[in-house]
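Record features (Swiss-Prot):
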BINDING   C71, C73, C86, C89  Zn(2+) 1 binding site
BINDING   D462, D464, D466  Mg(2+) binding site
BINDING   C810, C884, C891, C894  Zn(2+) 2 binding site
COMPBIAS  1387-1399  compositional bias 'Pro residues'
REGION    1379-1399  region 'Disordered'
Amino acid sequence: MNQEIMNLFNPTTPAQVFDQIRISIASPEKILSWSYGEIKKPETINYRTFKPERDGLFCARIFGPIKDYECLCGKYKRMKYKGIICEKCSVEVTLSRVRRERMGHIELAAPVAHIWFLKSLPSRIGLLLDMTLKDLERILYFEYYVVLEPGLTALKDRQLLSEDEYLKAQDEYGQDSFTAMIGAEAIRELLRGLELEKLEQTLRAEMQETDSDIKHKKLAKRLKIVEAFRHSGNKPEWMIMTVVPVIPPDLRPLVPLDGGRFATSDLNDLYRRVINRNNRLKRLMELRAPDIIIRNEKRMLQEAVDALFDNGRRGRVITGANKRPLKSLADMLKGKQGRFRQNLLGKRVDYSGRSVIVVGPELRLHQCGLPKKMALELFKPFIYSRLDAKGLSTTVKQAKKLVEKERPEVWDILDEVIREHPVLLNRAPTLHRLGIQAFEPVLIEGKAIQLHPLVCSAFNADFDGDQMAVHVPLSLEAQLEARVLMMSTNNILHPANGQPIIVPSQDIVLGLYYLSIMREGMNGQGMTFGNMAELEHALHAKAIHLHSKIKYRWEGMDETGKISKRWIETTAGRVMLGNVLPRHPRISYEIINKLMTKREISGVIDQVYRHCGQKETVIFCDRIMALGFYNAFKAGISFGKDDMVVPAGKWKIVDTTRTLAKDFEQQYNDGLITHGEKYNKVVDAWSKASEEIAKEMMKEISVTKKTATGADADINSIYMMSHSGARGSPAQMRQLAGMRGLMAKPSGEIIETPIISNFKEGLSVLEYFNSTHGARKGLADTALKTANSGYLTRRLVDVAQDCIITQDDCGTHLGIKMRAIVDAGTVVASLGSRILGRVPCDDVRDPATNAVLVKAGTLMEESHIDAIQQAGVQEVKIRSALTCELVNGICKMCYGRDLARGTPVNHGEAVGVIAAQSIGEPGTQLTMRTFHIGGAAQLNEQSFVESNFEGRVVIKNKAIARNSEGHLIAMVRNMVVTIVDPDGSERATHRIQYGARMHVDDGDMIKRGQRIAEWDPYTRPILTEAEGTIGFEDLTEGLSISETLDESTGIAKRVVIDWRGTRGGADLRPAIVIKGKDGKVLKLARGGDARYMLSVDAILSVDVGTTVKPGDILARISTESAKTRDITGGLPRVAELFEARKPKDAAIIAEIAGTIRFGRDYKNKRRISIEPVDKTEEPREYLIPKGKHIHLQDGDIVEKGDFIVEGNPAPHDILAIKGIEELAAYLVNEIQEVYRLQGVLINDKHIEVIVRQMLQKIEVTDQGDTDMIAGEQVDKIEFDALNAKAVEEGKKPATGNPVLLGITKASLQTRSFFSAASFQETTRVLTEAAVNGKIDPLEGLKENVIVGRLIPAGTGASMARIREVALKRDKLILDEREKQAAIVPSQPEPQPLALPPAE
């Protein structure tokens, strides 16, 4: 009996265990098999009794009872009648929960087309039938007939006939001589008549024959969909529906409101319309109504069903009573409020609370202060169970009363319950995983949560009113995970870059900085102390000052780990700091025996973590926090107006710059420079002045002054705050005490007149007005930035969510080469910082001795990096996520170190999500601006390069000429200057601009800081390579050249104008030629004439008949008029790169190495071809718009990958021309550059993981003997699998090239349709998936969250691995049984097997 009662509580339907989910088109039989009955009436519930009407939309007979175990009429009540069907009201006695599961159906009187397959582009029905959407709609909505069987008439198959034509044809050929139909029936017949196998063969044959690219594409599309239907087992006619399923009533509820009205789901209205029209159609058909009426009714039925499935997809949107569009089934899934994102991926939790946060400086790092009131509420169930266990209450009700009265014993129990039970704290927005961390609660009075100051930077929290949420992990497993993985003490390093994130900030930093100052001449200087007690005594007695220079006997550890003592020169403050430092052989006193700025402290924490481990680090952090707070309070550092020092030389600098600006104005008036150049120069001059004033100010403020006694005076407070890294930056100090500087207009341009005053002196009205411009734009930007940054993160997470560490080693030998990143001669990212925590592919050897420094396959630690840098290794080839050969996921070796732990990465780590968060989280710190060139203030134009090393100069691709002024001029674009040190290893390489003046020559010795070359950053020259006299070609006044008078100055200059639009100007090719003594055009050494083509806006620098020498300037293009592209910076640039968009004015890249040849012009484009060096290759041709400046001449030699036209290269071109490694290097460097500008550190591997996900597809170039279609994009995994199958069968495999997809596209094309559908374009993804009968293997994180299983990462990964092993064993056993059965057919029962041992 007991067993039976227990069974009653079991779910009515058994829970399904599944590994994959398949989606396909439902056949009418399938829909009927789901249904529990047909819905015949549009009624919902009776208005008097509130009981559902029979056969209506809420019918209890079909969908089940309203109350648990009670039929509708009330004849059978209670459990004992379970499963009986009442003979009076025909309702089954069961749980009312079945009303959430049971479906119904509507039998349609006429078939209708499913709108998704009709209207979702490309139209699937249209593709299959090879008809246009317009024609299909004409048939479906009863405008035209379609001929199905022309018979012996002159009509064609599938010809459309209007009403009149149809009647005429019937008269002409007789009624039964041909068949033509109209409406969905016609389409259904057409679809039913398709013979897919035959169709596939015809299409393949047609594809072989056709030459037209467009036709080939169209056929490929059709072939793909025909294959999809063949392989998936879907039948084409199922896209036309004869039965409509009705979803369970509890999923479209009707709720009575007070006042006798009802709130209902929109679906009920939509279903009602379908039923009404369907019933009306049935009646009309029974009555044999005229054709036209029936047809109209059928059309209305089609529209009603369309609206039910996807309202507004076709025709006008159907609105409810309040003019609001009704929410159809498709809308239920779509968008942020849809089922996927709202309910499946955005579930809410039950046990949580939220409150304002306040600072808790006396907490330990792993603690948080939880208000008692809050804890009592959150831990209620635990308290009830403890009260019960202790016998203080017998029922829940009693326990509830005790808790409500807040009896003393309740508080004691709360203390017990809370002990060692971590809670999760979360601050929105949770931009990365450190936004949720676990703490042990400490009960406090009051109503605010106390937060430890050191975790603020991880949460990005401050105490100006921020709120935080508290969540309680309930199950034991959850508590365990919270403690082991999420405890704040486990999150010391930042997952994005491996630097400590538990770093003191603000007042702690200030206190530690003050503590570590050393000042000359303070009292007690030179005293000696043996231990801490003596030192403290002297301090309290004021015999010495905290900052006095003293000698101290320090007890450290030597290499062997023994205590060793030595004398050190230090200050009392630094000894106090040294006292909290853990003792370890690798940690010397020297790391804190200096002025402690924020960066230094971060370094110390890093060292302590690396050498002493986590526990010591946590204790150390808590101690320095206490020390910092205490000393900040003792120091009494304040902020006063007189601490801001306006530099004495300010006005002198301002006056000089004003004169300069006047000069530029004058030069412009004299016509020597253009308006744009003047603007550039003025802005440049002012930004330099502003920097100089800032330098002067910093110099004055940072100088230590002496007091009367000769001791060092106190350091300036504001300088201390800024220098320590506690608050404020030199830029802010410049505005306070230097000069406010240049301001930007809302458009992003820079206003020429700077703000000369600073805030201390006060701004004039005009200056104030100018500065409001920029300030307002800043605020508007911030609002936009947050939304954009969040969207970028969402796209990144979506593309990378299924990237998980699944195996130890994929065994690949591939990798990418890493070298230091050098920008304009300075090392921006050293080789060491880039390869730390990665695995080398090959042994790393010392270039001098060839000894192995690091063996291949070793994870490189800090010690290895030191050795590599000492040896001067320039390049290391490392394993990378990009080259990992695992099918799903990445292997440990290719990923390397887990940055947040400093150890090799673990199995099941969700590296994709970590990468996405690391890139997305700093997004809000990036700027939103697109820089317009002109503001040199943002774009410190480089006008020279100087050497950062001593050594010898080596010039590659050397071509230097001495011009008529005697300067050495660089004559080629690919000239590279390398500085080589005495051992012969390269120190630095610099690319030299075309037309630059060289200060050194090949083989010269160079000193540090010496200039190598300089050039004018604002113009691009066109230089001559020959000596001779100038001649003009096609430079006709008024046609291709004009003397423009500058309006404001009245000075003439000669500029090439756009000659293509003028009459008779289309064939002109304006050029400057160099003639010899005989008056003929000179020939150049490299072949070709000395003829220099001019592009629009070139300003001539020479006249006919002038004599020139090699290296002289013939014309110049002002970069402002060469319209150097807008520089997209910040967030938009990162998004552009990840979306792999083609940039505006993209560069044109040479696909092969060879010689440039100018061909005949084509309309208004220049034709350039490359004659390949390798004669087996075809020459390549490029058409370039005439106005674009091509800086190559006829006969120039280009390498593969060189730019023919300058600009940003399109990433697809880089991939096609130079391959994956170059593309990865380009994307990583470009993205890093944006983040570096903002001072954000992100490890390269995160970007590599995302780029790996962008390269998952392959475009088939030749299909071989496989089923793939040339030109289609296939998943890498699928491609390899199909090829392997082909090779196995002895067929020819397909070939293909990798394709780069932007992150949005890549997310929509993942193998999991669940993941794609919940991202964007839900309808399209689901339609596509259903047609293909796709199977979702549920491998990623997102799909598993949607179906409500453990995600296959972290703890879920180990579960998945255990299941894998179990499945393998099951298979072995079954195989073994089959074998035994085959051997001994007579044996009745197979013997039990000895199981193979578990792995």
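The backbone N, Cα and C atoms fix where each Cβ goes, glycine too.
Feature map: annotations from Swiss-Prot on the structure.
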residue	record	Cβ neighbours (10 Å)
C71	Zn(2+) 1 binding site	25
C73	Zn(2+) 1 binding site	14
C86	Zn(2+) 1 binding site	20
C89	Zn(2+) 1 binding site	17
D462	Mg(2+) binding site	12
D464	Mg(2+) binding site	5
D466	Mg(2+) binding site	17
C810	Zn(2+) 2 binding site	19
C891	Zn(2+) 2 binding site	22
C894	Zn(2+) 2 binding site	30
Note on Mg(2+): the CB centroid of D462, D464, D466 has further same-chain residues inside 8 Å, namely I357, A461, F463, G465
Spatial hits near D464 (Mg(2+) binding site) (Cα distance within 10 Å) out of the binding-site residues C73, C89, C810, C884, C891, C894 come to none
Under a three-state DSSP reduction, the secondary structure at C884 (Zn(2+) 2 binding site) is coil
Taking the centre of the Cβ atoms of C71, C73, C86, C89 as the Zn(2+) 1 site, the remaining residues of that chain with Cβ inside 8 Å are L72, G74, K75, Y76, K88, S90, V91
One should report the C-alpha separation between C894 (Zn(2+) 2 binding site) and C89 (Zn(2+) 1 binding site), rounded to whole angstrom, as 67
Within the same chain, the residues at least 6 apart in sequence whose Cβ is under 8 angstroms from that of C884 (Zn(2+) 2 binding site) are C810, T812, I890, C891, C894, Y895, R1252
Smallest Cα-Cα separation from D462 (Mg(2+) binding site) among the binding-site residues C71, C73, C86 is shown by C71
Candidates C71, C73, C86, C89 (binding-site residues); nearest Cα to D466 (Mg(2+) binding site) turns out to be C71
Same-chain shell around Zn(2+) 2 excluding C810, C884, C891, C894, C-beta within 8 angstroms of the CB centroid, reads Q807, D809, T812, R879, A881, T883, E885, L886, I890, K892, M893, Y895
